[in-house]
């Protein structure tokens, strides 16, 4: 034992065995102490060794614990426990095994074999469970592979591939991967590249969410099904996890050592293992230190070139360009396979293939029209992401929302429950009252309470029954999916008897139960729980994500849109043509007959100041979003210089503020359904109009970072007072002198606002007084303004040059100032009504 050189884990096991024997009062360290000490190690090799031979470690641990309890105990013994004869023999055998295997250290697996080869109770226990020395040795070689114990901490090199990777073929065999629909050409290209002699390393390049990882999962499913050429038959496809390989690597060289062990395992498999690395660009620089150029990418280059490592990678176009293309030696070892975004039709096919999985997971039914809506609406409205990922997410969230409603108490039950609680509180208050009225009320209340309790019980029972019926359907679908998976596995394994029993016996039986259960779940017409995901549910999720009303027009909204001119006319006076044009544009968009590749409507409002151009934009925002501030306002007077154009779309690369985005593009990205007001557009530099050309024609704009911002759901409104006061021909001549023909031609309409007549001014006075009245209502004050007073305000508040804007100032001065003085002097009190009339001399208004 002089040359005994244990590993760290071996030393820990011996120390733990000594402590266990000492604390239990055992005079000797027996083999059972050693076995338990090894099984207690969290990341030790003993438990995996037993699992490999089909023995449950917990069962062995429990039986060993019972053996330990039967050992003799010595009380009052101050000496330290010594190794027993059997333990010493096991350690000696372990040392001999280490020498035989050309290992430099004695490790816990050597000791495990030494215990099994002895004649102790532990040896009988292990052999009795099927862990004989021969079986353990075979498992030991399988776990260790080609590795030798050359360090004091060798355990991390065992089962390195299993530790730092996921077996996709095993997951596919167990039915854990989602079905892959389509993508046959891409999978065929991957198979072709993998079948090459050298540089057999395909890399899938495409935008995020187009299905690169799904293609690799599809390859794993084909390998399991045997639907691949002979060169890939029975191969293992593993997904390497570089994150877990880097995690916990505290010392320099530890990551490289882990990676080398994994690569050696792959190399010694003689082409049996195909490796997949998602986010392939992460290999560049992974594990590199400041002075060293040895990263994961450089470590795998030689194996890639020689064809010893068959690697499938997946990364996005930007990251491939940024990381892989910089290293020409690494890039030439890969064969690019471009993965494009599927069409809407292909996406519908993919969703149909995934439908069953999502129905089973959420326990709801998903209609085919919902799948079509998910593909179409995501393509139309969610422009920053890619199909099929965004469509799958829509279906998933819509089903999740419906499941949450099923699991929550219906609103109807909540309302009755609150009513019952209120009646019970009222009953407790009336019980002690002696007067006749209270007694009569108590009697009536108790009758109502009994009725409501009965109704609550009935509703709760109905809800529970409907919920149970839905859950039964969900459980049967889960059973059916499990049985189908078992049937496929039995066919692959050649167990035709089991496959026939499942296919022609148990599966039809469950299908029959499911057919009977589905009508039960839908039996009543007045169901409390909705269990079907339809197009409206998908549209609601789109609206929640983007703020765009993508759902069908509700009855209330239809009526609101039809009387849109009246609603806008309450705030914008005397501009019927402009109001009508804007209303038509909004109706076209909501009815779905507008061009989907252009903005909802784009207008140039012309006319003198103060006639309602900006007010119409505010009124439109208020009508659509119930908030007049819900619009993007760009004051074009701030963009009078050539270089200020960059503020709209963001600074170009290399300039300060490049990472901040543009004021216009960022605002529309955050709120894609909005009114965009370009106020006083004639004051902007002419280059600004060139930027707006793409917005008006194609409904999109590219910002300084190269991202496309979608303007198709916006209403761009440009206001200007060019040629104000002139005839229509003069106004249009002024417009043509400032704006280029291609700019004017892209607008939906150029609207010239008319001047205001006296009657319209009185209506504007009413609007201003109504706004003042809302502010006074907080103090319960009312104004009674006479018609002469309104005409006086209209006459004195209008200026042909300034339009109706001075009216607001006049209302504040003529009424607001007097009212403020009266309030401060205590002449007016809350709840008073103040008449407003013209003074006899006609010079001012008088209150009170």
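Placement of Cβ uses the backbone N, Cα and C atoms for every residue, glycine included.
Note on the domain 'Clp R' (1-146): mean pLDDT across this stretch is 78. The feature domain 'Clp R' is assigned by Swiss-Prot to 1-146, with sequence analysis given as support.
Under the heading region 'Repeat 1', Swiss-Prot lists 6-71.
What Swiss-Prot records for 83-146 is region 'Repeat 2', and it gives sequence analysis as the kind of evidence.
Marked as region 'NBD1' by Swiss-Prot on the basis of similarity to another entry: 159-341.
Among the features that Swiss-Prot reports, ATP 1 binding site is placed at 206, 207, 208, 209, 210, 211, 212, 213, with the record citing similarity to another entry. A coil conformation is recorded for residue 211 (ATP 1 binding site) in the three-state DSSP classification, outside any helix or strand.
The region 'Linker' annotation in Swiss-Prot covers 342-547.
If you look up Swiss-Prot, you'll see 392-524 marked as coiled coil.
According to Swiss-Prot, the region 'NBD2' annotation covers 557-755, on the basis of similarity to another entry.
Summarising the environment of residue 612 (ATP 2 binding site), the number of other Cβ atoms within 10 Å of its Cβ, over all protein chains shown, is 25. The ATP 2 binding site annotation in Swiss-Prot covers 607, 608, 609, 610, 611, 612, 613, 614 and rests on similarity to another entry.
Residues or ranges marked as region 'C-terminal' by Swiss-Prot on the basis of similarity to another entry: 756-848.
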Problem set entry | Environment of 206, 207, 208, 209, 210, 211, 212, 213, the listed ATP 1 site - residues of the same chain whose CB lies within 8 A of the CB centroid | 314, 316, 339, 341, 386, 389
For this session: Rank the binding-site residues 209, 607, 610 by the number of other Cβ atoms within 10 Å of each Cβ, and give the residue at the low end.
Result: 209
Exercise. Here are some binding-site residues: 210, 611. Which one has the most Cβ atoms within 10 Å of its Cβ?
Worked result: 611
Exercise. Between the binding-site residues 206, 207, 210, which lies closest to residue 610 (ATP 2 binding site), Cα to Cα?
Worked result: 207
Exercise. Per 10 Å Cβ neighbour count, which of the binding-site residues 212, 613 ranks highest?
Worked result: 613
Problem set entry | When distances run from the Cα of residue 209 (ATP 1 binding site) to each of the binding-site residues 608, 611, 612, 613, the nearest one | 613
Seminar exercise, completed: Counting across all protein chains, other CB atoms within 10 angstroms of the CB of residue 206 (ATP 1 binding site) number 21
Problem set entry | residue 609 (ATP 2 binding site) to residue 207 (ATP 1 binding site) - Cα separation in whole Å | 49
